[in-house]
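These come from Swiss-Prot:
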MOD_RES   Ala2  N-acetylalanine
MOD_RES   Ser79  phosphoserine
REGION    14-96  region 'Ubiquitin-like (UBL) domain'
REPEAT    112-151  repeat 'WD 1'
REPEAT    154-193  repeat 'WD 2'
REPEAT    197-241  repeat 'WD 3'
REPEAT    244-282  repeat 'WD 4'
REPEAT    325-366  repeat 'WD 5'
REPEAT    370-409  repeat 'WD 6'
REPEAT    412-451  repeat 'WD 7'
REPEAT    454-485  repeat 'WD 8'
Amino acid sequence: MAAAVPDEAVARDVQRLLVQFQDEGGQLLGSPFDVPVDITPDRLQLVCNALLAQEDPLPLAFFVHDAEIVSSLGKTLESQAVETEKVLDIIYQPQAIFRVRAVTRCTSSLEGHSEAVISVAFSPTGKYLASGSGDTTVRFWDLSTETPHFTCKGHRHWVLSISWSPDGRKLASGCKNGQILLWDPSTGKQVGRTLAGHSKWITGLSWEPLHANPECRYVASSSKDGSVRIWDTTAGRCERILTGHTQSVTCLRWGGDGLLYSASQDRTIKVWRAHDGVLCRTLQGHGHWVNTMALSTDYALRTGAFEPAEASVNPQDLQGSLQELKERALSRYNLVRGQGPERLVSGSDDFTLFLWSPAEDKKPLTRMTGHQALINQVLFSPDSRIVASASFDKSIKLWDGRTGKYLASLRGHVAAVYQIAWSADSRLLVSGSSDSTLKVWDVKAQKLAMDLPGHADEVYAVDWSPDGQRVASGGKDKCLRIWRR
């Protein structure tokens, strides 16, 4: 009879596992090696960075079967039924090398608008802040002094939508009577002629990506009239009208691979080829109006050639030739786009979200359910790994950006959540609500980081500057507030 193996030895044998590092795309890194089961993320980071042979070590997160290794590998495995006899795949994920700190206080309350603030938007480098209001004006604010800079008059009705060109040199604004105006943030003057043609109000504006068009010449608009128009801002004329939706177009995205996406109250999303306006496919599935959508590449498209990790204390305009800016924007886009084409997520009045790979398939990848009321806004994190959705059910929900799997609900608002914005490092999220507060959430911990009261009424609009320095908010109390850490 074989000698009984001492218990400690058995215990010791169990304490080691064979693991294999892989990147998110399934690419293997090195060969399998054995580790103690109580290995921590810090130790994994040292080993993984040694294998990657990077000059500067990257901050990494590690996952086993979609669960993040937070304290130790063993702790993560306890919550899962994993066969430990086999080689265990550990997925490593580079994290942002810079860190955005949560904003904690209101540093200015800027008065000037005489009606509700409907939209706020920082320029791609965070140098300028613009707002659109029910008082028919667009305003630019000086961020170094946190004072009003220019008041832009020209619209004859509420300004419903504003959008920065990705080079930060022009702002487009669309109003309730269907007109689009362009503004120069350095002078506050109107640029070129008024773009008129839509018969009803403007619901969305989206610029052609910088890597496709470094002159930032073309902008697309969507309208309650059911059409999408592409405008040549240099010539001041409409290049193309895209028709096919049978009801109001609610939002619009100009993607990085030459496609335009439009969502509508006719329950569909249409995918168009931007250069000739040909309809590629219609995405169907929602049972009610499609209110909102987002692309996995949105943040890279919005910021163009600006790299948040290299932000200076005082944001500047982008320097470099058009060709250099184009190349920088393209490499940033390709990094986020990764192996597959860009993904799209849509949110509807039917309380659901759908995740699509619209360049490839007209069937959704997955349907995301859980909200108890209509969805106001949906956004991919800048690194495209997480989707956040804000709803009239007072919650924000987090979903996996690749699979659409439900991750968590962020609860704390006591009324509808209207708008959300991500910090550039994908670690924090800010939300504005009908309950008059803003809240900053720690996404990894899935909990409230900061409660920001201050507005006297509903908060309609919120944005986080791409350099991470400031959050801006506006709403029914006509006041624009700037929040800093």
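Glycine is no exception: its Cβ is also placed from the backbone N, Cα and C atoms.
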Outside the repeat 'WD 4' (244-282), six or more residues from its ends: residues with CB under 8 Å to it: 200, 203-209, 211-212, 220-228, 230, 288-295, 297-298, 300-301, 333, 337, 341-342, 344, 346, 348, 356, 358-359, 362
Cβ-Cβ under 8 Å with the repeat 'WD 5' (325-366): same-chain residues at least 6 beyond its ends: 24-25, 166-167, 209-211, 214, 253, 255-257, 259, 261, 263, 267, 269, 271, 281-297, 299-301, 303-305, 307, 318, 372-378, 380, 382-384, 387, 389, 391, 393, 399, 401-405
DSSP helix/strand/coil residue counts for the repeat 'WD 4' (244-282): 0 helix, 21 strand, 18 coil
Leading stretch by Cβ pairs under 8 Å, where the reference is the repeat 'WD 8' (454-485) and the options are 112-151, 197-241, 370-409: 112-151
DSSP-derived helix, strand and coil totals, residue by residue, for the repeat 'WD 1' (112-151): 0 helix, 22 strand, 18 coil
CB within-chain contacts under 8 A for Ser79 (phosphoserine), separation at least 6: Ala67
Same-chain residues at least 6 beyond the ends of the repeat 'WD 6' (370-409) whose Cβ lies under 8 Å from its Cβ atoms: 24, 66, 93, 95-96, 288, 291-300, 308, 336, 338, 343, 345-353, 355, 415-422, 424-426, 429, 431, 433, 441, 443, 446
